[in-house]
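Enquirer: Quick one: this structure, given as structure tokens, is what I'll be asking you about.
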Amino acid sequence: MAETPDQRRNASGERGVVATDPALPPTAIDEEVREAEERKWTPGKIALWAGIALLGGLAWFMLAIIRGETVNAIWFVFASVCTYLIGYRFYSKVIERYITRPDDRRATPAEYKADGKDYVRTDRNVLFGHHFAAIAGAGPLVGPVIAAQMGYLPGTIWIIIGVVLAGAVQDYLVMFFSMRRGGRSLGQMAREELGVIGGTAALIATLLIMVIIVAILALVVVNALGESPWGVFSVGLTIPIALFMGVYLRYLRPGKVMEVSLIGFVLLMAAIVGGGIVAETPWGADIFSLDKVTIAWGLIVYGFIAAILPVWLLLAPRDYLSTFMKIGVIVMLALAIIVVRPEITVPAFSEFASRDNGPVFPGALFPFLFVTIACGALSGFHALISSGTTPKLVEKERQTRFIGYGGMLMESFVAIMALVAAISIDRGLYFAMNSPAALTGGTVETAATWVNSLGLAGVNITPEFLSQTAANVGEESIVSRTGGAPTLAVGLAHIMQQFIGGTAMMAFWYHFAIMFEALFILTAVDAGTRVARFMLQDSIGNFVPKFKEHSWRPGAWLCTAIMVGAWGAVLLMGVTDPLGGINTLFPLFGIANQLLAAIALSVCLAIVAKRGTFKYLWIVALPLSFAAVVTITASYQKIFSSTPAVGYFANNAAFSKALAEGKTEFGTAKSVAAMEAVVRNTAIQGWLSVIFVVLSIIVIATALLATARAFRNRADGTAVQDNEDPALPSRVFAPAGIIPTPAERELMAEWDKVPAELRFERGGHH
Amino acid sequence: MAAGLAVLTRGVRGVARYFGGVLGADAYAKYLEHHRAAGHVEAPLTEREFWRDRTDRQDSNPQGRCC
């Protein structure tokens, strides 16, 4: 007989097969006690949840139905937080009850593989922060800004509803299943669950997707730093600061992480202030005003060196700095928005919501809004973090709901705040900043004329306003600063100066925002290059075994060079693209990220089916089919659309035809070389889209096959192979959520009475 | 007044400890705890050795950072 968890429960009347040590208190809350506690609705509890539901409903009503002339930003906070709370309390509980079915009597990898280094039981609240810092970066700060072209409502709905039904579900499931497998990576799980074909396709797709993601993140940094001496100086200084921190931690005071992070933070602030002073001197402006191509090359060289330097010297210290900034900045942004409560004048649906020729990103609302906002709603990249590192640190199985599902809700909240910051600035300014130079003309006069000619309701900007804003934030120009980061920085500066410092502080806040975004991205670029290099080394190692030796320098350097070369090529293509770069490449970023989500969800689907849970399979199938439909439609349009702005090949054909006809300029390309660049770029982008979508369809198809096979096996009673690690009894207890329940408190008190020498498994086995 | 100050100090300490945990500053303390609990006979790594080993292992075991 196939033994599925369902049947085990039915047969023995209780769940699991683990016998825990009778000398110890229980390692899990008694099923019935917990059930009774959860199902008991006291009047206070009813009032609380009714209050949350009413407030959330009111906020959604204000955002979606009333939509007055202006909307106060506080409604975004209420709508999102109330929806998250409801999703967390009710939907994630459904997932826990019917799909993951955690068993706290089982030891987690952090317990049964404990080594004091990689596998360490970590307090749930600390691990929540740790996991959040690993998943959240520049992504949720950039996508919503770009998507604001459509108005505030589509993005808001997708970020909030998407995370509850899709993004957080993916993160939670991947984390849980990886934890049950000793912390195995997504790639390993794909191979196990989907077989050789599906596993290989998933691996290649993951590798390519990482290249695209790193390249486009790098493009965001380049766009933010181009022609900005202040930005180049202060972001450039993060490298010596990190090197100093690395040496400090290795030789001067090992292990003083908090101390060195504080020192690093002070130096970072000094770098921002110093950047302002240096940029005002003639020599400073001279040395540090770099054009985008130079910065891109600098970043490529930096990326290679950073990826082959030892971790302690650059990556580890910058990671501390980046985590430190991340949490600080997000708390600050939330506080500022709640205190300042800016009025939003952007319409719920903009003029571009019903068109497919928006200047910031082309394509219709469906599907392109859903790929433009990936991080914050559904981000496949998280599956790489949720499998691997975090599962090795989880203390109790039940905590994965709080850490996995809850951590993603937190990232979604960051995305909402980024959206609020971006739409709190003037709408004309938004379009002047986010449209490519090919459209705005690059000067304040041409940009103002062009923006006013768009015929957007309530938009009328003057060249003086654009120059004044640039001067306020300490930049030469803010016209066509695409990529989302500068817009967010202006929005943040706009809000923060009302909170602290006034207009005089705007330039500081602007560069503060640029600095932390650059910091997050550089860390992601570094770590991404390293992870990709190891994946490549392992793949080549299947044919040339020598490559599997990670310490073999030539192999490591060659693979690093290949990965850096790959993303570097895409980055240069974006920087030099006559059509604008961000608007042609950003959709590819979102598509790549969500195809990865589709792959991760496919693996989860197969696992859930193999565990014999068919009735609730829809919980996984729903986000999977949505991600699949969105990304495959978006890819289809990018490949086959006859509208040149949307379809890569249509654009390619139009420019090839113009070249064949002997034209010397066409559309926004003003020279033959530029036209040739467009032909080359669109061909590469088009073929990349083709490869992505084909690989993903293979993965999804193999997952569907595995699911069907599981269904058949279940029907005819064949044993289903389970890839989980064997269940071992746990010897510890810890509460599941942020606040312990009364029953958990009682049990914790019981555990406190246990003598220390009994609490942990005694060694001798090492 | 003094009681208020004590509460404040405790609060600040708690926040600092939490932050340190998130950054991973307490890794050595946790390693020692594990070492003791597991009953190893040989002496534990010194603080310097531990942090060296920790970053050196990351060289061949990179952790992803997300976008």
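Each Cβ is built from the backbone N, Cα and C atoms, and glycine gets one as well.
When I checked TrEMBL for this same protein, it listed these features:
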type     : residues  : note
COMPBIAS : A:1-12    : compositional bias 'Basic and acidic residues'
DOMAIN   : A:72-634  : domain 'CstA N-terminal'
REGION   : A:1-22    : region 'Disordered'
TRANSMEM : A:46-66   : transmembrane segment
TRANSMEM : A:72-91   : transmembrane segment
TRANSMEM : A:152-173 : transmembrane segment
TRANSMEM : A:261-283 : transmembrane segment
TRANSMEM : A:295-316 : transmembrane segment
TRANSMEM : A:323-340 : transmembrane segment
TRANSMEM : A:360-381 : transmembrane segment
TRANSMEM : A:402-425 : transmembrane segment
TRANSMEM : A:508-525 : transmembrane segment
TRANSMEM : A:588-609 : transmembrane segment
TRANSMEM : A:616-636 : transmembrane segment
TRANSMEM : A:684-706 : transmembrane segment
Enquirer: Counting only residues 6+ away from its ends, which parts of the chain sit with a Cβ under 8 Å from the transmembrane segment (A:261-283)?
Expert: 229-231, 233-234, 237-238, 241-242, 244-245, 248, 317, 320-321, 324-325, 328, 474, 507-508, 511-512, 515
Enquirer: Is the transmembrane segment (A:684-706) close to the transmembrane segment (A:46-66), in the sense of at least 3 CB pairs under 8 angstroms with a sequence gap of 6 or more?
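Expert: Contact between the transmembrane segment (A:46-66) and the transmembrane segment (A:684-706): absent.
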Enquirer: Among A:72-91, A:152-173, A:360-381, A:508-525, point out the range having the most Cβ pairs under 8 angstroms from the transmembrane segment (A:588-609).
Expert: A:360-381
Enquirer: Is the number of Cβ-Cβ pairs under 8 Å between the transmembrane segment (A:508-525) and the transmembrane segment (A:152-173) three or more, considering only pairs separated by 6 or more positions?
Expert: no
Enquirer: Six or more residues out from either end of the transmembrane segment (A:616-636), which same-chain residues have a Cβ under 8 Å from its Cβ atoms?
Expert: 94-95, 98-99, 165-167, 169-170, 173, 363, 366-368, 370-371, 378, 587, 590-591, 594-595, 597-598, 601-602, 604-605, 608-609, 689-690, 692-693, 696-697, 700, 707
